[in-house]
Amino acid sequence: MSSSSSVRISLSFIFLALLISPAISQTCKSQTFSGDKTYPHCLDLPQLKAFLHYSYDASNTTLAVVFSAPPAKPGGWIAWAINPKATGMVGSQTLVAYKDPGNGVAVVKTLNISSYSSLIPSKLAFDVWDMKAEEAARDGGSLRIFARVKVPADLVAKGKVNQVWQVGPELGPGGMIGRHAFDSANLASMSSLDLKGDNSGGTISGGDEVNAKIKNRNIHGILNAVSWGILFPIGAIIARYMRVFESADPAWFYLHVSCQFSAYVIGVAGWATGLKLGNESEGIRFSAHRNIGIALFTLATIQMFAMLLRPKKDHKYRFYWNIYHHGVGYAILTLGIINVFKGLNILKPQDTYKTAYIAVIAVLGGIALLLEAITWVVVLKRKSNNSMKPLRT
């Protein structure tokens, strides 16, 4: 074998090793960090490529932790927290690490998160000491938080703590912590850390609750996309264009009512799941999406009850009822489509879902344009024929 072949083979093995080694190294057991303290237990947390090393001293109820995770963006932040009362971020006693924009040194701050609108440094509800942060250059720029926590007595009695972790983008003006993403991984980054027994290892639980929330969010999105975003537009198309054809009367009316009533029932179910999600997600508010949803429910409910007051065709108030009915209907149509897109931006599903909905709306829009042209031809032709009829003497 020639020397050049040996060199090529050696380089190939080195390149292969470089490709494989990062994947192998990304476990909690293979990590090393500064300091002489040891942490006998470690966990590969299931979300956000995060790791937790810890030890628990039952004699003085002290939990020593090292939390590691890559920020969402360069210059971003990471956070690890204990929530004494609930499982989410609101109410969490939080340790946040980021690189100081001035000198680039990693620092750690404490946040008592009472709501998502108040993310400013504040004292925690329990004692914490030996806090420090460092950047792990070998782990792709991950940040690490070191701390010792005095576990509250009520949590000691339970034998477990609710832990929450998160990563976020760059800091905002004045060093304010920026809002993190609301992808499924971010919403699922919470679990119960078991401190019972001989501390031979911690266990992670709570996944079923997180999965239930994600499932409810998806159900909420599907119900509202089908009702406000698809069925209501179809019902409006039926009412506007089928009524022009005399042979379609009264079939168009029953189709229109059936479509809109079905859309209303499904929409109310979607609206109710939205309220439930809001109550379960304290501190998380999507005000525009929520307010449009309330407006849609209100307008659609008024529209349903207005059908009971529908005057006959020859009634003197029918003209005004038609103006009201059409105006409210087009308002529901417009707000419904807008809110579906706002919901998609919140849920952030795969691009195929958003593309599919855009395709559905485009097809319905194309059908509406085609029918608009056809019905104008029919109406103009009908008027022309009526004007050519001879007057009776």
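Sequential numbering from 1, following the chain as shown.
Each residue, glycine too, has its Cβ placed from N, Cα and C.
Taken verbatim from TrEMBL:
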- 1-25: signal peptide (SIGNAL)
- 48-168: domain 'DOMON' (DOMAIN)
- 184-380: domain 'Cytochrome b561' (DOMAIN)
- His220, His256, His289, His325: heme b binding site (BINDING)
- 221-239: transmembrane segment (TRANSMEM)
- 251-272: transmembrane segment (TRANSMEM)
- 292-309: transmembrane segment (TRANSMEM)
- 321-341: transmembrane segment (TRANSMEM)
- 356-379: transmembrane segment (TRANSMEM)
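Distribution of TrEMBL features across the structure.
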residue: His220; record: heme b binding site; contacts (Cβ under 8 Å, 6+ apart): Gly270, Thr273, Gly274, Leu277, Gly343
residue: His256; record: heme b binding site; contacts (Cβ under 8 Å, 6+ apart): Gly235, Ile238, Ala239, Met242
residue: His289; record: heme b binding site; contacts (Cβ under 8 Å, 6+ apart): Asn339, Lys342, Gly343, Ile346
residue: His325; record: heme b binding site; contacts (Cβ under 8 Å, 6+ apart): Gln303, Ala306, Arg310
Counts by DSSP class (helix H/G/I, strand E/B, coil) across the domain 'DOMON' (48-168): 9 helix, 64 strand, 48 coil
Intrachain neighbours beyond the transmembrane segment (221-239), with Cβ under 8 angstroms and 6 or more residues off its ends: 252-253, 255-256, 259-260, 262-267, 269-271, 273-274, 293, 296, 329-330, 332-333, 335-337, 339-340, 343-344, 347, 349, 357, 360-361, 364, 367-368, 371
Within-chain partners of the transmembrane segment (356-379) [C-beta distance under 8 Å, separation at least 6 from its ends]: 225, 229-230, 233-234, 237, 240-241, 244-245, 337, 340, 344
Confidence summary for the domain 'DOMON' (48-168), mean pLDDT rounded: 85
